[in-house]
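Asker: My questions all concern the structure below.
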Ligand code: NAP
């Protein structure tokens, strides 16, 4: 398979927070990979911006180090690294002051696409938008990219939307959720809406339940102070998992067009039922030999913040009424794995006389990480003599196998999304009303914990979370899929 890389139009990309962790680990290495692939035009410009003065050469050395650490595999070529670095420069700018703005404004070419990536703390998003406007750096072809978290609750998300919209139209605001940039997530839409096989079965009549798992092995690490104000609900469920849920559950859009897709996602969020306390399990990791507990990591023995959450959700619409959707996410779990599993119902009658317990429905697993891909579990006859004995086998839709090794070399989520920004395609970005609707659903759940002083259950590091989360499914005759890397 020969991949088709279509170069994007010339652009100026300013990365506010260009010396930060996200810029070094994801944004700059991602841009280098796109350069390597031939997608960046020779007259593209990438400008790093943050408060501390540094000559262009020093910034380029930092970018080179980031490429060598995060993007060098298979792309180690001094001339091409130099070629990429020739597109890069730096300006010292203070988001909250006046320093550096005139110099930055002079660098921007008003007749081209301008993309401003807000890779700074969320408290600076409003300041940046205001100053871009004040210094006349925003035109028709301007886009701003806003990192997560988009607000802390409904009120702050509304305030942020209002502030950004004072200076930019909704069509210019790209709220990034890197889960939407994953290859498999887009494949999920291709599989659902590009085939007739799945869609007729994609409803409460045939789907027993859906599981969405995002499991991490790491703890909160150096992000303890931030994480403790957020917790798994705000950090993962309100944004990433909600987006996955929307793509799984939405109606087919009339066209693969940004607003058509986002309209359908919004309807899913609005149809989510409130969640009663008995359908929620919150957890916090305990310590073990050589592993600090959550309390120690966040330096607060009294913290009531969850590092794990499992929930049973219901969508009240014609398609999904009665089909539970179980979501769980947590830190310090037994493996790093993210997947969506659509578990279909049993065949209504067993022609082969299996006992009910021996019968399993088909399961479609959409694997986000590691080993992106999909597999469909089907029942077949066990080969050989001995009558009609049934076994389950995975029908593996491994893209790499079917499409050749190039299929494994797909752009990572950030690369793809940055190119979408340049192309002006908002399909894989959250719209303002989606973000607000997600908070409107999340806020009452969190408020209830806070009112009641709800204490998360402790769980062992390396486990699958608190025992109680298993009961969420056991009590209904179901079980979680194992968390496997
Ligand atoms: P970080 O490592 O703390 O970097 C922050 C950047 O902002 C630095 O370059 C800093 O440089 C710059 N900065 C701070 N105050 C500034 C000001 N007043 N004016 C101009 N620049 C300023 O943060 P990060 O981890 O890269 O995260 C950036 C954003 O991405 C945050 O919103 C975060 O929530 C989000 N995010 C990060 C990750 C991740 O993996 N890191 C993942 C998802 C989302 P100076 O101090 O030199 O100014």
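Heads up, the Cβ atoms here are built off N, Cα and C, so glycines get one too.
Automatic prediction, not curation, is the source of TrEMBL annotations.
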Asker: 178, 182, 216, 331 bind substrate according to TrEMBL; which of 159, 208, 235 goes with them?
Answerer: 235
Asker: For the NADP(+) site that TrEMBL lists with 17, 18, 19, 20, 21, 22, 23, 24, 148, give the additional residue from the candidates 45, 51, 109.
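Answerer: Candidate in the recorded NADP(+) site: 51.
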Asker: Drop a 10 Å sphere on every Cβ of the recorded positions 51, 178, 182, 240, 331 and tell me which sphere holds the fewest other Cβ atoms.
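Answerer: Across 51, 178, 182, 240, 331, these recorded positions, the one with fewest Cβ atoms within 10 Å is 51.
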Asker: Look at each of the binding-site residues, 23, 216, and point out the one with the fewest other Cβ atoms around it within 10 Å.
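Answerer: Candidates: the binding-site residues 23, 216. Fewest Cβ atoms within 10 Å: 216.
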Asker: Which recorded positions from the set 178, 216, 235, 240 come near ligand 1, judged by a Cβ under 6 Å from any of its atoms?
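Answerer: Among the recorded positions listed, not one has its Cβ under 6 Å from ligand 1.
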Asker: I need the nearest neighbour of residue 23 (NADP(+) binding site) among the recorded positions 178, 235, 240, 331, using C-alpha distances.
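Answerer: It is 178, whose Cα lies nearest.
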Asker: Quick one: average pLDDT across the domain 'Glucose-6-phosphate dehydrogenase NAD-binding' (14-187), no decimals.
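Answerer: A mean pLDDT of 96 is what the predicted model shows over the domain 'Glucose-6-phosphate dehydrogenase NAD-binding' (14-187).
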Asker: Given that the record lists 178, 182, 216, 235, 331 as binding substrate, what is the largest C-alpha to C-alpha distance among them, in Å?
Answerer: 21
Asker: Listed NADP(+)-binding residues 17, 18, 19, 20, 21, 22, 23, 24, 51, 148 - what's their greatest C-alpha to C-alpha distance in Å?
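Answerer: Result: 21 Å between the two most distant Cα atoms.
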Asker: Spatially, and counting Cα to Cα, which of the binding-site residues is closest to residue 19 (NADP(+) binding site)? Options: 178, 182, 216, 235, 331.
Answerer: 178
